[in-house]
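Under the heading ATP binding site, Swiss-Prot lists Cys10, Gly11, Gln12, Gly13, Thr14, Tyr15, Gly16, Ser17, Val18, Lys33, citing sequence analysis as support. Annotated active site, proton acceptor per Swiss-Prot: Asp125, in sequence order, evidence recorded as sequence analysis. Positions annotated as region 'Disordered' by Swiss-Prot: 243-299, 409-444, 483-507, 597-680. Positions annotated as compositional bias 'Low complexity' by Swiss-Prot: 257-286, 410-444, 483-494, 597-616, 632-642, 656-680. Taken from Swiss-Prot, the feature compositional bias 'Basic residues' covers 617-631.
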Amino acid sequence: MEDYIILSKCGQGTYGSVFKGIHKITHSLVALKRVTDIAQEDGEPVEVKYLNQLKNLSNIVNLRDHFYIDKNSVLVLIMEFIEGDLWKIMSNPQCTLSLGQIKNFTKQLLEGVKQCHVNGIMHRDIKPANLLITTNGVLKLTDFGLSTSYSKRSEKFLSSNVVSLYYRPPELLLGSCIYGPEIDMWSVGCILMEMINNSYLFAGADETAQLDLIFKLFGCPTEKSWPGVSSLPGYNDLFNKQQQQQQNENNYSKQHNNNNNNNNNNNNNNNNNNNNNNNNNNNNNNKYNNISTSCLQSPSSSPPIGGYASSLSSDFNSNEYNGYNQTFSNEDCLAISQKKLIDKFPHLVLLPSVLDLASKMLTLDPKKRINSLEALEHPWFKSSNDMDQIVPFSKDFTDLANRYIASTRQLQQQQHHHQQQQQQQQQQQQQQQPHQQQLIQRQHQEQQQQQLIQRQQEQSKQQLIQHHQQSVNQQQLAQQQQLAQHQQYNSQQHQQHHQQQHQQHQQHQQQQQQQQQQQQQQQQQQQQQQQQQQQQQQQYHQHQQQYHQYQQQYHQPSQQQQQQQQQQQQQQQQQQQQQQQQQQQQQQQQQQQQQQQQQQHQYQPPQQYNHQPPQHQHQHQHQHQHQHQHQHQPQPQHQHQPQPQPQPTPTPTPTSTPTTTTIPPTITTTIQPTISKSNG
């Protein structure tokens, strides 16, 4: 509200008020509508919902914005400002609408109604005050507070307390809760007649008076003229109460006549007069016998409408208004409606197109009522001769109209007389041909018997078919059960086989893991042995070094001994080379065997998996480790070291046992004197 300045108040309604305002930034005029009773549908205000659906249409008012004030208790709608409306124009005594203006406004009104109905929306409150007219003569529909959506002949219950009373159709006045967009077309017809006559078409003080005016003009509806009217709650309540009142009056008059006959035996003339008067009263009371008494129970959601019978006019059911007691087609009903309108408004004789369109929109039966698309295609909107013609209201015109009405009534009387003659001829023919009726009855009975026989045969056939279908269904069920059992058995066997293969595979993996652990243990043992051998070799080299030192100090080896030692060393080297070659060959063989084992131990599919324990190659591995020890043994080189003369040097053996060095006794004897000499 801070962006708008309120200039003046335009109007006040049941659910809020409308103000004229101006936008502070754009300086454009707007209409601000304050709504206190906010009706919502699908979590959104009704008027906002449907105005957004009908946005930017030519004959619908444009909604610019909306917001809440006073703690969301008041809804404010910002719409385009249009100062004039149709009610202000018609209520001005100095303003007289031409026939061209009436046609223009009616066409624009039908365009707006069509835009609503095409989008699945019923306005439910069409009246002149809700038809805004711009300075350019554009008519726009406004006030969608009572609008609702509908499906094609929706079966949901709706409120019957909608549409302003003067423009409310008869089905809503009779309490119907199932209706469609045809209720808007009745309102358009009332507005058209109001513009033509410059006065309200039906201006009842309440719902009862409104029904009275409608039925006075168009006659009392029956099941023949309006199928389904007797099921409306207001219809039953209306006519049943009237019949009860007439029966009570008849009973009272009969009792009164009996008392007069018993008490006034001497006054025969008076009694005869009283009886004649009572008979006349009874004849007058019989005018309600033409009203249909059949009724259906009304829906529980629609409240009954009461109080019609007590306030309807006395000539409500007179013969003058009972024009629908016979069976008529849609064209006959339109002709009767046109006649009734001409009787009340004689100047419509000179406006046949207007009369035709109005009678099609003001049909009592809503299913026979014209829709907005059909109304826009009416010939009245295609002609342009009456654009500037003023609606006639002169006395000469009324005389001409009365003459036309008298001539039409004479024609109707002649037609009625002709129909009576035809009925009499038909009755005579029926009396002359009693035998034909009997034959027809017999044929009818035979046809009924044949139909019964055919029904029995059809029933027997259906029973046989059902029995056959049951047997077929049972067989199919049995086959399905067998298939299911077979599938279960196959699945169980497959699962068992798969489990067995899985267990075998797990066992094989466990065995492989155990073998790998054993191999690791063997490798660790071999490593330990290799370490021990290396230690022994180191000790051996230390002893040899000590021994050579002793030899260098106390002896000079001979050349022959040196040559022998060299030969021995060469032989040892040759032996070591041969051993290395053998070890390489054994390693190659072991690698080939390991590759073969890996190929054999690869995982195969469960269906063709055959477990074969691997071949243990413990001996070959042991040999391989033993050869590996020989490869890593260091070879002593004694080319430039002195050798002892009497004894050969001890050589390292390729066994796993540790070697020990022995010193010859000659060396010990030589060492001792030297020590003693040095001591001395």
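Glycine too: its Cβ is placed from the backbone N, Cα and C atoms.
Sequence features, as recorded in Swiss-Prot, placed on the structure.
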residue: Cys10; record: ATP binding site; Cβ contacts under 8 Å, 6 or more apart: Val18, Phe19, Lys20, Ala31, Glu83
residue: Gln12; record: ATP binding site; Cβ contacts under 8 Å, 6 or more apart: Val18
residue: Gly16; record: ATP binding site; Cβ contacts under 8 Å, 6 or more apart: Lys33, Arg34, Val35, Thr36, Asp37
residue: Asp125; record: active site, proton acceptor; Cβ contacts under 8 Å, 6 or more apart: Asp143, Gly145, Leu146, Ser147, Val162, Val163, Ser164
Residue numbers, six or more beyond the limits of the compositional bias 'Low complexity' (410-444), whose CB comes under 8 Å of its CB atoms: none
For the compositional bias 'Low complexity' (483-494), residues assigned helix / strand / coil by DSSP: 12 helix, 0 strand, 0 coil
For Gly16 (ATP binding site), the three-state class that DSSP assigns: strand
Cβ packing number for Val18 (ATP binding site), 10 Å threshold: 19
Collapsed DSSP category at Cys10 (ATP binding site): strand
